[in-house]
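This report concerns only the one structure given below.
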Amino acid sequence: MSDPKILVALDYSDKEQALALVDKLDPSMCGLKVGKEMFTLFGPEFVKELVKRRYNVFLDLKYHDIPNTVAKACKAAAELGVWMINVHAAGGRVMMEKAREALNECEHRPLLIAVTMLTSMNEDVYSELGFKRSLEDQVNHMAKMAKDAGLDGVVCSSWEAEKIKQGCGEEFKLITPGIRPQGSDKGDQSRIMTPEKALQAGSDYLVIGRPITKAQDPYKALCDISDSIVSHLS
Ligand SMILES: O=C(O)c1cc(=O)[nH]c(=O)n1[C@@H]1O[C@H](COP(=O)(O)O)[C@@H](O)[C@H]1O
């Protein structure tokens, strides 16, 4: 069976609240993403608990540091048994190559993914950074660099998915946050798309947080989103 398309972003400050949702789910419905908040609060033990429950766990710590530091952090993350980890493409080619090399020794190598440009970034915030390419071209450029460095895919917005698939190939995994079902609150995200459209655009995995975790009934919200994409799954 193929991996579930939805990755629920467990951005909770309360572990019991997170586990109350996890206990209602099963690993065939979705993967789980642990990010900076829960990892800082509850550490590797929490991650291991989710791995033990047989979920695909995406440890989203977005490493961005000198190559040696990132390589060692990636190896340590892989040893937790997670399914996917990520680094910032902005750390550069050598950093990504060293991260990839560090995973060669792992018994179960996690997918290694590069974050391109955050989905919260809009044109104004982007232009202040002073990149010479357009936002879309910069995302594409970073995706190609990540592919050359041997990474398995990138985090990008669904708006960039089609072009990246064309340039980097079908096998190159696209992980897209900034997913908002019709009518849901945008929050701090900028480059957003509905789950259905994101899959049509070429997204492989949909990262979804608040539309599920902040819903009155998170389990129902996840089921509704799952139902809405059934017809788009190949
Ligand atoms: O790497 C990520 O997961 C990530 C990259 C990115 O560009 N944008 C982005 O929103 N994310 C993460 O995806 C999740 C999105 O959450 P919601 O906006 O609540 O759906 C958060 O946990 C973010 O940390």
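Note that Cβ sites are derived from N, Cα and C of the backbone, with glycine treated the same way.
Unlike curated records, TrEMBL annotations are generated automatically.
Pulled from TrEMBL:
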| type | residues | note |
| --- | --- | --- |
| ACT_SITE | ASP60 | active site, for OMPdecase activity |
| ACT_SITE | LYS62 | active site, proton donor |
| ACT_SITE | LYS62 | active site, for OMPdecase activity |
| ACT_SITE | ASP65 | active site, for OMPdecase activity |
| BINDING | ASP11, LYS33, 60-69, THR119, ARG180, GLN189, 209-210 | substrate binding site |
| DOMAIN | 5-225 | domain 'Orotidine 5'-phosphate decarboxylase' |
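Annotated features taken from TrEMBL, shown on the structure.
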{"residue": "ASP11", "record": "substrate binding site", "DSSP (3 states)": "coil"}
{"residue": "ASP60", "record": "active site, for OMPdecase activity", "DSSP (3 states)": "strand"}
{"residue": "ASP65", "record": "active site, for OMPdecase activity", "DSSP (3 states)": "coil"}
{"residue": "THR119", "record": "substrate binding site", "DSSP (3 states)": "coil"}
{"residue": "GLY209", "record": "substrate binding site", "DSSP (3 states)": "coil"}
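Within the same chain, the residues at least 6 positions away from LEU61 (substrate binding site) whose Cβ sits under 8 Å from its Cβ are GLY35, LYS36, PHE39, ALA73, ALA77, ILE85, ASN86, listed in sequence order.
Sorting the recorded positions ASP11, ASP60, ASP65 by the number of other Cβ atoms within 10 Å puts ASP60 first. Residues from the recorded positions list (LEU61, HIS64, ASP65, PRO67) with a C-beta closer than 6 Å to any atom of ligand 1: none. A gap of 18 Å separates the Cα atoms of PRO67 (substrate binding site) and ASP60 (active site, for OMPdecase activity). When averaged over the domain 'Orotidine 5'-phosphate decarboxylase' (5-225), pLDDT in the model lands at 97. Annotated pair ASP11 (substrate binding site) and ASP65 (active site, for OMPdecase activity), C-alpha to C-alpha distance, rounded: 23 Å. Each residue contributes its Cα atom, and for GLY209 (substrate binding site) and ASP60 (active site, for OMPdecase activity) those atoms are 13 Å apart. A 10 Å cutoff on Cβ-Cβ distances gives the residue listed as 'active site, proton donor' a total of 18 other Cβ atoms nearby, all chains included. When the Cα atoms are compared, ASP60 (active site, for OMPdecase activity) and THR119 (substrate binding site) turn out to be 14 Å apart. LYS62 (active site, proton donor) sits 14 Å from THR119 (substrate binding site), taking the Cα positions as reference.
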